[in-house]
Structure formats: structure tokens, C-alpha cells
There are 4 protein chains.
Amino acid sequence: MSRLQLPHDAKAGPTKPEVRAVTLDKLGLRPTDHFVDVGSCTGSVTIEAAQRVRRVTAVERKPNRLDVTKKNLAANEYDADVTLREAEAPEGLPEDADAMFIGGSRNFEAVLDHAVETDVDRIVMNVSRVEPTGAAIEAFRERDLLDEVVQMQVSHGYELAGATSFRSNNPVYIIVGRRDAGGLD
Amino acid sequence: MSRLQLPHDAKAGPTKPEVRAVTLDKLGLRPTDHFVDVGSCTGSVTIEAAQRVRRVTAVERKPNRLDVTKKNLAANEYDADVTLREAEAPEGLPEDADAMFIGGSRNFEAVLDHAVETDVDRIVMNVSRVEPTGAAIEAFRERDLLDEVVQMQVSHGYELAGATSFRSNNPVYIIVGRRDAGGLD
Amino acid sequence: MSRLQLPHDAKAGPTKPEVRAVTLDKLGLRPTDHFVDVGSCTGSVTIEAAQRVRRVTAVERKPNRLDVTKKNLAANEYDADVTLREAEAPEGLPEDADAMFIGGSRNFEAVLDHAVETDVDRIVMNVSRVEPTGAAIEAFRERDLLDEVVQMQVSHGYELAGATSFRSNNPVYIIVGRRDAGGLD
Amino acid sequence: MSRLQLPHDAKAGPTKPEVRAVTLDKLGLRPTDHFVDVGSCTGSVTIEAAQRVRRVTAVERKPNRLDVTKKNLAANEYDADVTLREAEAPEGLPEDADAMFIGGSRNFEAVLDHAVETDVDRIVMNVSRVEPTGAAIEAFRERDLLDEVVQMQVSHGYELAGATSFRSNNPVYIIVGRRDAGGLD
């Protein structure tokens, strides 16, 4: 029921709608924000952010994925000024971002270093594998960015013999950072 | 990191942030919507909706909870025209709502009947107990409203002996309806 | 790593190993028990019980499934006296069972009635769909059998790009009953 | 409904019944096994194993916990020859164990080394924190022990306003190893 249109798909698939909704909530986007999407893939987060902030930069190392981002963007309405960059982050990252989404664990330490150097206010990272989750929590903590970690497990109902059974998505970790965070409780 | 301010609390507690984020995403709110919050409690959904639509009606049968909704609303910025009504739904429900959130299972069949009669476009209901979840899915299905059912299980990281352990919230069912829905897959 | 051998498969598939392990634990089987498996399917519960009790009766309405139960039994070692019956429960149920496993929701009210009439001491039922779960909890409660309800969500690690991601099984409800139970806490 | 009696409690609390049931299933205990419980705590795993194998060695570094193990053992029936050792593993571990349970992440690399040197056939380790989970998976993999990783999330029903709501235990990882394992799928 979200109004997001994603006619084009990338091989890796988009962030699942429920995880994306929580991710965007944790990013606390404001109309004045410059938001940066690190690894834009299908563009689903880029598009939803472009409907909420003044400016978005999407950085994606794979040209075919950047193309999917571009096409999906074109299928949606938004007011933001959007820049698409084919680059492997931290290359291509802007110097004045307010909020950052990191969709995978590639180069995440260098990306976090860039975020700290350029005073990014809010950072959310999604990870599904357990080893990089531990490493990412540690990297957020070491940089005084660690604010919250959430594990989400979502199951979808389907009809089976006249009643409702559930199919489960894989669990995902959402790591939430902000500048000068105090760590987990 | 959400910008929502909830200085006042009701005994029942607010919808958890992650469940609220998914609920709002499923409601697919548009700036032109009249949104109705059935059982506004702390007002957390009312407030977030008031930041996205033109008009909100919050209906709450308990005067102390309605007071909490009112005070929490006052602590936040929003542009919508908001009406608070002390009433037990379906009493007090508007005749022209576009989207409806039902926070509990009280009177839900009569509330759904009102939604169908007044052509509400999108309806989301949260339930935590298993028996009313089954009954609610059935009620949505019978009224051609059933579009999606999601079970969400959220766990929050906390620091334990230098690493990250997780505390789990109770699982919640989110039932998503829309007018003339085709049922679950 | 369980020593259970299941060379033959039924269309419905066996109870998942982790759910079966919890189910057997909740059944609290004793060497002197007569255990009855209602809907034996692949026979996985029948076999594990046959390694722990003196006598097992497996009742299965589908001949092809009963045949799978028989073949899988033959692939395992056990000491119990095992009777296989092609019947639709409550038909075919013994009059002197101590513990009963109900693998699905078919006819469960009549099966529970038979259990009450014949003084079955411990009963465990697995359900995956939410509507029959609610109905089954209610049926256990009405017969003073309701002792515990557990929802289990199990995910299995798999290797993805050198680290460990997780694939989730569908959530399952395990309803635990015993004669003269006091209900849930 | 398990027949396990645990009249005495340790501060850390016992392994939860459902996690213990799956852990014991994964250990695949045989009557001829010598089983070693590393960090016996309340003794719950020690006791259940003592009802299935010929010999159990429980190693526990905290004297008060070892005392709880001893008292809880005395409250249960079992046939195994049980040895309790106050020691910090790998000290105190036997040289001829067939199956090993590791209840926490303390010294786990040295414990695994000892298991490899002494040809332990089956090893199960429970971890709740995400960073040591990653490290433990890695340690099992490096020693050709990694066979399976399971995340379990268990919720318990309780009565709320005449229906059944669920309270969730914290998620737990169960790492399953065996000698010369082939790794995860």
C-alpha cells in the first residue's frame, strides 16, 4: 500500500518494505536534509528519501544497478534535487550530508570514517550476515556513533486451506548511529 | 532518532516505534487524506499522521488517554487540522475518512462496517493477541478488505559484558486492508 | 545430528527438527508411556517416541502417508511396541494413551474430547495457521487442558559471501496441554 | 511438562527449556557417550544428559554454580556416572569425551582446540551476543567443525483480557559442530 513504484529490479532485490519503513524512521529525515544513499541498488530508499528531503545523493558502484535506480526514480514523483554517482564509496560521497544510509557492509569502515570527518548527523546501516553485524556494531561504537541496534524478523501471511499461515523473511539487523551517540543502554 | 516527541505517557504505552513506522508505511498516507485514528492512546500515530496529511480525527473512549493525546500533540509541530473526540468507536468516526488506523480489537467489527459504509480507502489494524488476530483477519476477508497480514518481531540490542545481546519485544500482527482488496496471496 | 533416519518423505514434509525436539520435550515421555501420534505423516515423531516409551500407536488417515511412516520406522532402531492404524482420528485412537501428539488441526475438537474421556495425561498440538491456533487454544482451555503455548521461530545459517546469513522457517505454535491444567499464567 | 527438576537457581539462570531441548537434540546423545558440559551453571543440561548417556563430566569455574549443579542433580534421577569439576575450561576437561556442550563464550577457542585434540565427535555451543556468535562461527569453521547454525526465537503465551498474548525470550544462536564437518550449506 506504500505509494513507492519499483517497476525495475536489480539482482540483489530491494530492501524489504518493512525494513525500509523502519530504516527511514530511524534516519529521522527533515525537509532541509541532504541525504546520501550508499549502494542505492533498486533506488527504493533513494526514492522515499527524495520525497522527504531537499537533496539526495545516491552512490552505486555497479552501473547496471545505478541504471535501475535511475529508471525507478523516473517512475515516482519527488521534489528533491537528486544526484546519481557511479562510484565505490567512500569515493563519490558528498562533503555536506546530514543523513546516510548504508545498504551493505562493503567498505563500511572507510564510509563511516568519511561520515565522521564530514560531520554526518545520522547514519543507518542494514546488515543481514552475523559476522559483519558484529564488526559494524564495533565500528560504530569506536567512532562514538552507536545509538541503537534492532533485529527485525518479519513474516507475511498467505492463505492456506482457508486460514492464514506465515512465510518468514530472513532476519535483518538495523544499526542506528548519530554523531556523538552515547552507545547502547 | 524519529523526531516524534511523546512527553506524556498513557498506561497502555504507545505503539512501539518500529511497528508504528511499518503501520504508517502500510497506510500509504497522502497530503490530501483525512486520516482517522481509532483509539488514539498516547497520540503517537495521530501526531505522525498529522505531519503528513491535511486532516486527522482522533477518537478515544478514555478521557485520560485523550488528554495524553492532546498534550503530546501540543509538544510536536504539524500542519494538519486535528479533531479530538471522546467517544467509543464507531461513534465519533467521521463520514469522509480516507485512511484509518485501528489500534486495538475493541468493537472492531462495527468499526470495519462503518469503514465499508463510508468508503474508507485504506485501513490498518494492529493486534497482539492470537484469537482476535484470527477473528480480525476473518472480518477483513468477509468485507473484501483483506490485503496483507504481517507479523513483526523486533529485538533491541543492549550492551552485555562488552558485546551486544538482544531483548525482544512481543510479536505484533499488522493487518492491512483496502477497499475491494483481493485477499492474501 | 539427531540420529533420526527419514529416508522416505511425505508431501506435507516432516515436523522440522527443532520443533520436533521441543514438542517431544513438552510431551515429557516416560519409559512406561503409551504414546499416540495423531496424523503420523513421515513418522518422525512416532520414531523418536518409539525410542523412549514402551508402546506407540500411530493413526494416519492417508494410506500413502501411513506407508511412509512404516518405511521410515523400518529404517530406525527402537524398542517400543508400535501399532500403525489407517483411520481418521478420533477413530482408531487407543483407550489407554498417556501422551498424545496432534500434528494438525483436522477434527481436533473431537480428538481432544476423546483425550479427555480416556484420561490422556499430556497432549501437545502443533499449528502453523493463526485462526486454528486461536480455536485450538480455546478448545484446550474449555477442557481444562491448557498449560502452555509457545511460538517458535527458527532460522538456519547459510554461507553467503564468506559470512553467515539466515533463512527463516515459518513460525509455528506449540500448544501444550495436560489433564487438569490451570491455564496460562 | 519436562520431568527435569531444578529446585536451585544460579544467578545466570538455566538454559531456557526450548533452547535446551534443541541443544540436546543437536548433540545426538547415545547411551555409550561420555558427555562434557562446559560451564554447567544450574546443571540443567548436565542432568538431562545424565538421563541419556553412561558418563557425564560437568566443568564449572564458579564454586557457587557448581554447588547449584550438585544440588539440582540430587533432585533428579539418572543412571550416568557424573563427575563435577571446579575448573576453568579447558582445564578440567576429560580426554575421552564424545559430545560437548559449551554454554557460554568464555575461552571458547581454547575449549574448541581441546575438543579437536581429543577427537570430540559432537559439539554444541549456545551464544546470545552477536559479536561472539560471529567469532564462534569463525572458530568452528577454521577447525573444520562447523555443521549448522540455528537462531531460535521463542515466545510464550500469557492470558491478557481473555485471549492469548505473547512474551518473547531473547533470541539465541545455537552453533552445531561435529568432527570433520563440511561447513554450512
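The count begins at 1 with the first shown residue.
Note: Cβ is positioned from N, Cα and C throughout, glycine not excepted.
Of the listed candidates (B:GLU60, B:GLU109, B:GLU117), TrEMBL assigns B:GLU60 to the same S-adenosyl-L-methionine site as B:THR15, B:GLY39, B:SER40, B:CYS41, B:THR42, B:GLY43, B:ALA89. The domain 'Methyltransferase' (B:36-124): residue composition by secondary structure is 29 helix, 22 strand, 38 coil, according to DSSP. Contacting chain D by the Cβ rule (under 8 Å between Cβ atoms), the binding-site residues B:GLY39, B:SER40, B:CYS41, B:GLY43 reduce to an empty set.
Those binding-site residues from the list B:THR15, B:SER40, B:CYS41, B:GLY43, B:GLU60 that have a Cβ under 8 Å from chain A Cβ atoms: none. Sequence-distant contacts (6 or more apart, same chain, Cβ under 8 Å) of B:GLU60 (S-adenosyl-L-methionine binding site) comprise B:GLY39, B:SER40, B:CYS41, B:LEU66, B:THR69, B:LEU84, B:ARG85, B:GLU86, B:ALA87. Ranked by Cβ neighbours within 10 A across all protein chains shown, the binding-site residues B:THR15, B:SER40, B:THR42 are led by B:SER40. Of all the binding-site residues listed here (B:GLY39, B:GLY43), it is B:GLY39 whose C-beta has the fewest other C-beta atoms within 10 angstroms.
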